[in-house]
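Structure, as structure tokens:
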Amino acid sequence: LPVTTQGSQQTQPPQKHYGITSPISLAAPKETDCILTQKLIETLKPFGVFEEEEELQRRILILGKLNNLVKEWIREISESKNLPQSVIENVGGKIFTFGSYRLGVHTKGADIDALCVAPRHVDRSDFFTSFYDKLKLQEEVKDLRAVEEAFVPVIKLCFDGIEIDILFARLALQTIPEDLDLRDDSLLKNLDIRCIRSLNGCRVTDEILHLVPNIDNFRLTLRAIKLWAKRHNIYSNILGFLGGVSWAMLVARTCQLYPNAIASTLVHKFFLVFSKWEWPNPVLLKQPEECNLNLPVWDPRVNPSDRYHLMPIITPAYPQQNSTYNVSVSTRMVMVEEFKQGLAITDEILLSKAEWSKLFEAPNFFQKYKHYIVLLASAPTEKQRLEWVGLVESKIRILVGSLEKNEFITLAHVNPQSFPAPKENPDKEEFRTMWVIGLVFKKTENSENLSVDLTYDIQSFTDTVYRQAINSKMFEVDMKIAAMHVKRKQLHQLLPNHVLQKRKEGVKLTALNDSSLDLSMDSDNSMSVPSPTSATKTSPLNSSGSSQGRNSPAPAVTAASVTNIQATEVSVPQVNSSESSGGTSSESIPQTATQPAISPPPKPTVSRVVSSTRLVNPPPRSSGNAANSGNAATKIPTPIVGVKRTSSPHKEESPKKTKTEEKTSSTDLSDIPALPANPIPVIKNSIKLRLNR
């Protein structure tokens, strides 16, 4: 690929000016930079970020076959629509790629984002019918599925073992020439909005490659930054962190500011620039241009909603968009803190005080905070689970947004990795996934027994998900969401053995200073569902059966409210001024690069008690399970606190109906002598914490 930019008036590339400001430094690399860059490459290799030449050739071959299929299909369509033979012979049609593959930074086994570009006489309906049927006939094609109603309609398939997503764009051209440049804005005239959206990925990727001074240096730097972001759990557009294109634009901006630097320097400068960046000033790779096509573009002067974006990174192709509109106060705080940590580590690497491997050590998310919320999504079949998990995941940022608006919460950090959760009932077919959100509570002074009720935040989140599932006709019986509060010391019960061992190492490392954040363990693997039964301090079941309202003062025993919820109480003792704690305001940004300022809250003491928990139309197995595990429960000297998970919503009823049902057709479980220690009980949707100061 050419290093110089097309359309450049200068003949000498070094004099070419990239970006909207002049460079910070034009310094050429020194010998030490070259050695460090070579060491960086060696460090990256074991992580699988480079693909073997053989695998790359296989991808090129597959894309060639796909390209020929597109040309063949367009010729057939043209013939069926009786176009002149002279047009049919030159009708063209082409597969373009975008995303990580087009940028040249895809990892081993990564999927390919592709775009099928067709002339004006080929309709989108043809793409989803005759082209879909043509793909179905190919023996190399497996797992073929069309998602025609998506925001950006797509055909997904696995071609000879490589996953490919194909978008469709119909241009207002009679033929598609081989040398078509999709960066040409005039191509967007008279196009339908779905075609414009489909073209956007290719246009943005191509612009990025034309806006960096040296593509090879850009690629190596981006590979390093993407790996770092994934290892540090901050790579996810959908959850409010940054996705691939956003990371690419930040690296591209760094390359523009240091046009002659090589990867080892650029990685360091990346952290330098963005740990000190004054958000919400936008990151721009070029001055936005107006094309008079009347498409909505990111412009806070015109659109009031754009003024609320916290970390704007603007795509360089018309219509310019903010690629990070999902970023929240919490996710920005987490990312800025990680930039500062990255700067501290790369400072050490440049001084030969550390190796590159230190940058890619994964911090242990499950040691980082003292309080967690666990979200569980379950469905009766694997196919339904995939759909349900997709919907729930796309809404988690709404929950994070609600939590961080709570006056007592400084930070809500969702881990982008989801984990398989064990079945609630081994005899029943059920597929469960969970996400973990770390919480930091604010230090508040001159206040005692503060009640923090997160019930409303959780309930509005679950209602939103159920409502969307029902409106989109996706909802099936037994698709469920539940939320529970878990403390760090309980997490060891939730993690599979391979993670548990790593966690134990983490405990040894942090034993000297329990509030420290020196977490270098690998947390790439999964964890499973918490068990409040054996982890919490227990107290006898109260069988009064009374039900507390959501806003009532937190009593010694908090009962399930009418929304059929177990309440959780956490008492947080008075904090010593010397003890590490979260910041004082939700906007506070850590000031030092070496010492993490996002610290866990002080050690709480937990009491989890249930006075009555009611089941909506409880399945027959409920009492059976309680009886079966009664023996295990009675061996433990102190009484076990248990909560049976509810079915919500039940039997084709909407969630709103379920709530009213709960008032009438519910069974009091307080008369069951011993609730099960196993299977793990799940707290349904209500989280009330009492903070004693």
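Placed from the backbone N, Cα and C atoms, the Cβ positions cover glycine too.
Keep in mind that TrEMBL annotations are predicted by a computer and have not been checked by a curator.
Look at TrEMBL and you will find Phe98, Gly99, Ser100, Thr107, Asp111, Ile112, Asp113, Asp165, Lys226, Tyr235, Gly244, Val245 tagged as ATP binding site. Taken from TrEMBL, the feature Mg(2+) 1 binding site applies to Asp111, Asp113. TrEMBL lists Asp111, Asp113, Asp165 with the feature Mg(2+) 2 binding site. Residues annotated as compositional bias 'Low complexity' in TrEMBL: 1-15, 517-528, 577-588, 605-633. Annotated compositional bias 'Basic and acidic residues' per TrEMBL: 649-665, in sequence order. According to TrEMBL, the feature domain 'Poly(A) polymerase nucleotidyltransferase' maps to 19-212. The annotation domain 'Poly(A) polymerase central' is assigned in TrEMBL to 217-361. Residues or ranges marked as domain 'Poly(A) polymerase RNA-binding' by TrEMBL: 364-432.
Broken down by DSSP into helix, strand and coil, the domain 'Poly(A) polymerase RNA-binding' (364-432) contains 28 helix, 19 strand, 22 coil.
Most other Cβ atoms within 10 A: among the binding-site residues Asp111, Asp113, Asp165, that distinction falls to Asp113. Shown in sequence order, Gly99, Ser100, Lys226, Tyr235, Asn237 are the residues of the chain, 6+ apart in sequence, with a C-beta less than 8 angstroms from the C-beta of Gly244 (ATP binding site). Per-residue pLDDT, averaged across the domain 'Poly(A) polymerase central' (217-361), gives 95.
Residues Phe98, Gly99, Ser100, Thr107, Asp111, Ile112, Asp113, Asp165, Lys226, Tyr235, Gly244, Val245 are listed as the ATP binders, and the farthest two of them sit 21 Å apart at their Cα atoms. When the Cα atoms are compared, Phe98 (ATP binding site) and Asp165 (Mg(2+) 2 binding site) turn out to be 10 Å apart.
Rounded to the nearest whole angstrom, the C-alpha distance between Asp111 (ATP binding site) and Asp165 (Mg(2+) 2 binding site) is 8. Cβ atoms within 8 Å of the centroid of the Cβ atoms of Asp111, Asp113, Asp165 (the Mg(2+) 2 site) belong to the same-chain residues Gly99, Tyr101, Ile112, Ala114, Lys156, Glu163, Ile164, Ile166, site residues excluded.
For the domain 'Poly(A) polymerase central' (217-361), the DSSP-based tally of helix, strand and coil residues reads 74 helix, 7 strand, 64 coil. Cα-Cα distance from Asp165 (Mg(2+) 2 binding site) to Asp113 (ATP binding site): 5 Å (rounded to the nearest whole number).
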